[in-house]
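Enquirer: Mind having a look at this structure? Questions to follow.
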Amino acid sequence: MEWIEYSHPALLNSMLYTALSPFLWTIIARFEFHTKGISKMFFGHKRAAVGLFGAIIFTLNLVRGFAFHEAIENEPQMDIDSFALDVASYAFIIIGQFFVAASFYRLGIVGTYYGDYFGIALFDGPLKCFPFSVCNDPMYWGSTGTFFGYALLGRSPAGIFLTGWVAICYMIAVALESQMLQVIYPKKIE
């Protein structure tokens, strides 16, 4: 028995939506930074433009999450009955969501949804307080941990594979964001 059906449409959809989400929000954020195109649609109301952009990102993430769960439900599962694995699964989910929520709390809506790309300066530079003091990009790594927890909980090799794909897509997004942060905060980033 193959543990991962690489040609299954649900797996392919999940991979597509996982890559598409950060790709689209990176392209749109850069478009806004260079052209102010979204802000212009809102007659210069930057916070309203960020709100629309946030709704787009939120929707993309919902679709991506649904596709991920659809994939792990339609792929082979390992027959492992383990309380320790259940505990580890929930630990990854809870800790991952904690890092996502703590990041959201620190950044706020505008900071989470690329307000600095819209010309809304919220901070003097990258944050150094918790959870950013624990790791760079805690929202991305918290999200990755959450996906891993759900993959373990579902006993899904495909879910573990998809979590790796999430991590790769996030690493690319982080590299692209780091380039832009150098432009937005040139003297603040060491």
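Using the three backbone atoms N, Cα and C, a Cβ is placed for every residue, glycine included.
In TrEMBL, annotation is done automatically, which means it is predicted and not curated.
Given the structure is predicted, the values throughout are model-derived calculations rather than measurements.
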Enquirer: Report, based on TrEMBL, whether His34 and Met180 occupy the same side of the membrane.
Expert: no
Enquirer: Just give the helix, strand and coil counts over the topological domain 'Lumenal' (30-41), going by DSSP.
Expert: 11 helix, 0 strand, 1 coil
Enquirer: Where does Glu177 (S-adenosyl-L-methionine binding site) sit by DSSP, helix, strand or coil?
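Expert: Once the DSSP labels are grouped into three classes, Glu177 (S-adenosyl-L-methionine binding site) ends up as helix.
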Enquirer: Taking the Cβ of Ser178 (S-adenosyl-L-methionine binding site) as the centre, how many other Cβ atoms fall within a 10 Å radius?
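Expert: Ser178 (S-adenosyl-L-methionine binding site): 13 neighbouring Cβ atoms within 10 Å.
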Enquirer: Rounded to whole angstrom, what's the largest C-alpha distance between any two of Ile94, Ile95, Gly96, Glu177, Ser178, listed as binding S-adenosyl-L-methionine?
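Expert: Across Ile94, Ile95, Gly96, Glu177, Ser178, the two farthest Cα atoms sit 27 Å apart.
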